[in-house]
Amino acid sequence: MDLDTITSISTPMGEGAIGIVRLSGPQAVEIADKLYKGKHLLNDVPSHTINYGHIIDPESKEVVEEVMVSVLRAPKTFTREDIIEINCHGGILTINRVLELTMTYGARMAEPGEFTKRAFLNGRIDLSQAEAVMDFIRSKTDRASKVAMNQIEGRLSDLIKKQRQSILEILAQVEVNIDYPEYDDVEDATTEFLLEQSKEIKQEINRLLDTGAQGKIMREGLSTVIVGKPNVGKSSMLNNLIQDNKAIVTEVAGTTRDVLEEYVNVRGVPLRLVDTAGIRETEDIVEKIGVERSRKALSQADLILFVLNNNEALTQEDYTLYEVVKNEDVIVIVNKMDLEQNIDINEVKDMIGDTPLIQTSMLKQEGIDELEIQIRDLFFGGEVQNQDMTYVSNSRHISLLKQARQTIQDAIDAAESGVPMDMVQIDLTRTWEILGEIIGETASDELIDQLFSQFCLGK
């Protein structure tokens, strides 16, 4: 593939120990040699070596930076192109100057995700693996990163390719029977054969979809909203779960005036914890904005932690709030058990019915383990599945698998109703195409461009 040479800073902007300028393309080594002065020309050193030297401004002859330069030659690189990585000191000024020099002498500034896009276009990875690279970068827990790494390694791709190959074998068998019915040595593509094979493919698609809910939680985190009247201990609960003091905790009702969000790993389940402003009528403009954001967070939540105050009797406000959330996945928490009990637990149980109930003291850190176990049990049946299994975690993949399941079902229905084989082929072919979109073999250029535009610069 005839592409130009791209360049970008591939480390986070800001001061640090090192900063890396990455080049990829046919002129990567040549451009670097125009700037680099060391013991040997980079063009003469072996691949996959690191070389000490300096970056020199060819025009002024000024020493710009002391560097270590990695030389990686095609095709055994991430992009399958020549790659140069210039390791600089981590100052913002010098690394930007090195970047500018690479562009002055022939490289083009890379677009977001363009290095990974080239890896895809050059056949190094498929589209699902490319998407997993971004998932890996954005992962908030060990489990999420492991799920992403499994996809980078191609586990999902292998399963998709296997099903596409099975469909091709069915189509080939049907095609031969239609075009060459006189051949005695060709196995008959009977309706029974087609149904058996198609149902096996559908079963495998269903198996992948069965991992979708948990996979999406692994990837995005379980959106968990902490809700309750003002000053029942919601922010203290957030702080105990994340072991941090991000939320403001005071004795004044209404001090959480916005939606605070944090990721935390709870017994293998990644939670995206959201502490909301108390939902109540208020004249305070700032607090009113927080209340509206809280309502929006509630509507998008996977799990709601509904907090009550052990020190106060149930009020109409508690009943009203519970009415808002009762049809969702809810765990009710009676907090502040270290204080005098003024709440009627039996009244609470009458209000919530079979909804799980946990009693806690955030001040004494009591009941937190029980709460964490209840969260795990509610979504993973008491056991978080093996992180080495193949999860489908990407919403795009889940949507396409659902479409593929429908089209393979259409093929099954058509075959069972006696529709001619050449008509059944249409649904089988469409299933093959949809599965191909997951790994990028039948994806449009527009989709590919859109997906890679979401990547960070330098990746």
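A Cβ is built for glycine as well, from the same backbone N, Cα and C atoms used for every other residue.
Mapped onto three states, the DSSP output places Arg124 ((6S)-5-formyl-5,6,7,8-tetrahydrofolate binding site) in coil. With a cut-off of 8 Å between CB atoms and residues at least 6 apart in sequence, the same chain places Phe78, Thr79, Arg80 near Arg124 ((6S)-5-formyl-5,6,7,8-tetrahydrofolate binding site), listed in sequence order. Annotation source Swiss-Prot lists (6S)-5-formyl-5,6,7,8-tetrahydrofolate binding site at Arg22, Glu85, Arg124, Lys459, citing sequence analysis.
For 221-380, the entry in Swiss-Prot reads domain 'TrmE-type G'. In the predicted model, the domain 'TrmE-type G' (221-380) shows an average pLDDT of 75.
Taking all protein chains in view, 20 other C-beta atoms sit within 10 angstroms of the C-beta of Asn231 (K(+) binding site). Swiss-Prot lists Asn231, Thr250, Val252, Thr255 with the feature K(+) binding site, giving sequence analysis as the kind of evidence.
Annotation source Swiss-Prot lists GTP binding site at 231-236, 250-256, 275-278.
For Ser235 (Mg(2+) binding site), the number of other Cβ atoms no farther than 10 Å from its own Cβ, over all displayed protein chains, is 22. In three-state terms derived from DSSP, Ser235 (Mg(2+) binding site) belongs to a helical segment. If you look up Swiss-Prot, you'll see Ser235, Thr256 marked as Mg(2+) binding site.
According to DSSP, Arg22 ((6S)-5-formyl-5,6,7,8-tetrahydrofolate binding site) is assigned to a strand segment. Distance noted between the C-alpha atoms of Lys234 (GTP binding site) and Glu85 ((6S)-5-formyl-5,6,7,8-tetrahydrofolate binding site) is 47 Å. Counting Cβ atoms from all protein chains shown, Lys234 (GTP binding site) has 28 others lying within 10 Å of its own Cβ. Each residue contributes its Cα atom, and for Glu85 ((6S)-5-formyl-5,6,7,8-tetrahydrofolate binding site) and Ser235 (Mg(2+) binding site) those atoms are 45 Å apart.
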